[in-house]
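Notes for the one structure printed next.
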Amino acid sequence: MAMEASNVKPPVSAIEEAHLDLYTIPSYSSWFQWGNIHEIERISLREFFDGSSITRTPRIYKEYRDFIICKYREEPSGRLTFTELRKSLVGDVSTLHKVFTFLEKWGIINFSGTVSAEPAEVQQRHKKEVRVEEGAPYGVRVVAAPNSLKPVAPLPPPVDVGGGGGGELAENGSKFPPLASYSDIYGELLQQQQQGKEGKELVLCGSCKQQCDSGHYEHTKDEFLLLCKKCFGNGDYGSKSAHDFKYVDDTNQVVWTEAETLLLLESVLKHGDDWELVAQNVKTKSKLDCISKLLQLPFGDLMLGSALRKTKVWDRNAGQAVPAHSVQDTVTGDDQQHEHKNQGQQNANVEDPGPPHKRLCTVPNLDASSSLMKQVGRLSSVVGPPVTACAADAAVAELCYENRCSREIFDDDNFGDELGYSARTDEEERVLPVENSEGEKGPTVSGASEHRGNGANISKECCTINFANASCNCNFSWCCSCSCKVIGCSGRERN
Amino acid sequence: MKPLSTWGSSRNPVKFRIPTSDNLLPIRLDIEIDGQRFRDAFTWNPSDPDSEVVVFAKRTVKDLKLPPAFVTQIAQSIQSQLTEFRSYEGQDMYTGERVVPIKLDLRVNHTLIKDQFLWDLNNFESDPEEFARTFCKDMGIEDPEVGPAIAIAIREQLYEIAVQSVASAKESRMIKKGRKGFEHIPISKAGGIAVDLVKSFGNKSSVIRKRKEWDVFEPIVDLLSNEEVDALEATEERNAR
């Protein structure tokens, strides 16, 4: 919400006009004009403009409005209250309050009104303020991995992650009432955490309960089972065998404070997998540290996955890297199609630099394992039809280069245009590109055919884009999309 | 010129109701049994089933630990006020526009309030509770009992004016005189004469009050000391007897 100075003249005499006062109103209220009544006013306060009462006329409205604004501007630093105002105006208090609220809502008055001394107002603001408490809320705790003893600082409270096990890890030095079940099971761990010094957590041997200094052995299957070097050397494995343990070097234990972790998360969200930038942001940790730390976090690998998805597309945008969504494609033939779609999205993003994250969030997680048509369907539902049309168009062009059969289908000049236009409707239709020209299914009857662009044949059910050129080349043929036989054309045999 | 549905038409008569967005009836209780006095004021929704009255009375007695004799008295008082309200329902209130002055002159615990302002009887979206909230917020009143007391005081006056309007509407019908756009009602201790709309809102006048009148319409909020409260209470009791 940008603030503009609105150069408004209060009704003063010509002599005083020399020094005009500047009053600040929000830019969304720039419609306001002193000498005029705007449509917004007429609509919001229509009771003044519908002739329903002698007590409410446009003239009266303007008098109220102008008076209120002038009154406010006598003291722009303070907040003009309704009660202070209403004594000066003749009229029903409810109606006056409505005018007052209208002007206040639009920031025409009380916009730069200060944080007032009124206690009630302060109270209300406090209620809305977010209170930042130390330590995570009681109910929500995040662990690196279930049952992990790795020294990990818990995530700061604002990050609410559903994942993670039930265990709790204490913040360095912060206190919290341990849940009964937690302390029963993880009592030892709790002890360790509380014993730990600032930024350093201890690793205790499961056998001799001594602190393991430079390294310890960890059971591959049960991360809780730790043995110090001494016990391991003694063969004190308990019921496990030696092979199950792996050595973990503690000497270069990297410790992350909460602030650093938060910084890391923010950086990853912002920069994706550009670890250079991430490491720069988290100034105190190296690239490798960042990566391994992220992996340790409960959703870390998810973030990495999505970070990978945020691959930057270099070639299309003249060296400018814009994060776009790409799909982890397993079908090569459709790479370009997706790329094109991404480009479409990118373009949209570039044009609308405002909330790119919102856009990103709305693209559903594309599961590479779900059917391609589903993916395509989802993608095409995200962007507008023209974008999808262009994408499909380009994809088809590429396919034609690669694939002889496709070329036949799309570019075959033997398709006459006898049928001309079919039921190309007014509604927009999307073309889903051919997945696989070899995948011809058995002949099934489909509805009346529709034909679109470049001689492609699409059945009515499949065709969803309104191409500009309606030249039907169709005859008895296969629908390029669903591979059903399309009936209803000239009936001329295809060559 | 179709008026909005939230405003009464200036032509058709309006059926009796409290002219606010919620048709809530103000109830006042002042019961004395065996030297114990119970005073209270609140709003009641007349569309609640009457069985609620006894339930409410019992709950009140229980919460305030009053002797059980109060239950029937409270219930009876509420019920009779309700019945009286209902007796007006269905009758015509007024025709034409009505803007009336509302006066506040009340004491709630340590807070003393004096105020007056105008209220449009045809504004069926008006909200005394909202007015009271704004009032308390703007004046920095922290006692939470003040707001509701203001709202109830407004409602009582509106109620009284509405009742009087019914009576005078009846009269006019009986007299069978032609109706003008604006009627005046007899002076009552609450409402006073309705505002002369042509004079106040007509094209020849300004709706901005003269400065010297501002004091009259400005609210006065006083915080009383304990002694003053005691003194006032004593006076009130003496007057009541």
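Backbone N, Cα and C define each Cβ position, glycine as well.
Residues or ranges marked as domain 'SWIRM' by TrEMBL: A:23-120. DSSP places the residues of the domain 'SWIRM' (A:23-120) in helix, strand and coil in these numbers: 49 helix, 8 strand, 41 coil.
Annotated domain 'SANT' per TrEMBL: A:255-302, in sequence order.
Annotated domain 'Myb-like' per TrEMBL: A:256-290, in sequence order.
Among the features that TrEMBL reports, region 'Disordered' is placed at A:319-358 (among others).
Residues or ranges marked as region 'Disordered' by TrEMBL: A:426-452 (among others).
Helix, strand and coil counts from DSSP across the domain 'Myb-like' (A:256-290) read 25 helix, 0 strand, 10 coil.
Predicted-model confidence for the domain 'SWIRM' (A:23-120) is 88, expressed as mean pLDDT.
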